[in-house]
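Colleague: Before we start, here is the structure in question, set down as structure tokens.
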Amino acid sequence: MTIETISEHRCFGGTQGFYRHASTACAGPMRFSVYRPPQAARGHVPTLFFLAGLTCTEETFMIKAGAQKIAAELGLMLVAPDTSPREPRLPGDDADWDFGQGAGFYLDATQAPWAAHYRMHDYVSRELPEIVAKLFPADPKRFGIFGHSMGGHGALVLGLRHPQRFRSLSAFAPISSPSQVPWGIKAFTQYLGPDRAAWTEWDANALVRKRPYGRPILIDQGLADKFLETQLKPELFEAACKTAGQKLMLRRHEGYDHGYYFIESFIEDHLRHHAAALAG
Ligand SMILES: N[C@@H](CCC(=O)N[C@@H](CS)C(=O)NCC(=O)O)C(=O)O
């Protein structure tokens, strides 16, 4: 298990780093970023995995969310993977911005040609946590997960599928009912095939009805988000949680759109939500 350091930078008394390695899950090179807070110099710290949205990379969250200052205060390590494999290139992988490169949807594809490399679920739920636990001062008993949009979908699905691995969960403007909206239908049809029965293991709305997370889930949603009514539909996940008895703190914010100014505005609340859940 070796990784290559692309760059490292001092940041709020800790270190912001960018790394590259040969992934077994994705059978190719992958990139990720890690923010180590100052407390990581003295011991193992709770660690949050952030999954970014469509068109983003391992850099987007670290550059735009403004999370490091509060992570340094709370002693949280932050890890952000890329949003899809980039190599080897597959036919049509850059034809659309909402499918293929930058749009891995955090699942394990079953359809050719994607199945050989588009295994972001295995990568984020198993391989990357193993690397982080081995090579960084992360406490693997205190891992949490959160994300934005497509990455909010990823966080909800990975949290619901692996509640013992990811012990705290939140999302910004997630695609929380992907089987019922165009982004999800397009991705699932191509990555998983047309049989909708196979989609349910990758759909937070279906998963929460079968096996609730147990601990509270925090979701923030901007009401000026241009994707709210077509792609996000938080009311569907809200209803599923209610049916399942899952505690959901869904906060709707007047005037906020889908972008990182929205995330910046509420990132502190998410970090504090995770820090409290992972304390002790
Ligand atoms: N390219 C799309 C927008 C893609 C987009 O909004 N991506 C979100 C995640 S779904 C994002 O975080 N973009 C990066 C950014 O805002 O910096 C469009 O033309 O509408």
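Here the Cβ of each residue, glycine as well, is placed from N, Cα and C on the backbone.
Annotations for this protein, taken from TrEMBL, read as follows:
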- S149: active site, charge relay system (ACT_SITE)
- D225: active site, charge relay system (ACT_SITE)
- H258: active site, charge relay system (ACT_SITE)
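Give me the structural setting of these features: burial, nearby parts and distances.
Modeller: Secondary structure from DSSP puts S149 (active site, charge relay system) in coil.
Under DSSP, D225 (active site, charge relay system) is assigned to coil, being neither helix nor strand in the three-state scheme. The Cβ of D225 (active site, charge relay system) lies under 8 Å from the Cβ of A173, L232, Y256, D257, H258, F262, each of which sits 6+ residues away along the same chain.
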Colleague: Between the active-site residues S149, H258, where is the Cβ count within 10 Å the lowest?
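Modeller: Lowest Cβ count within 10 Å among the active-site residues (S149, H258) is H258.
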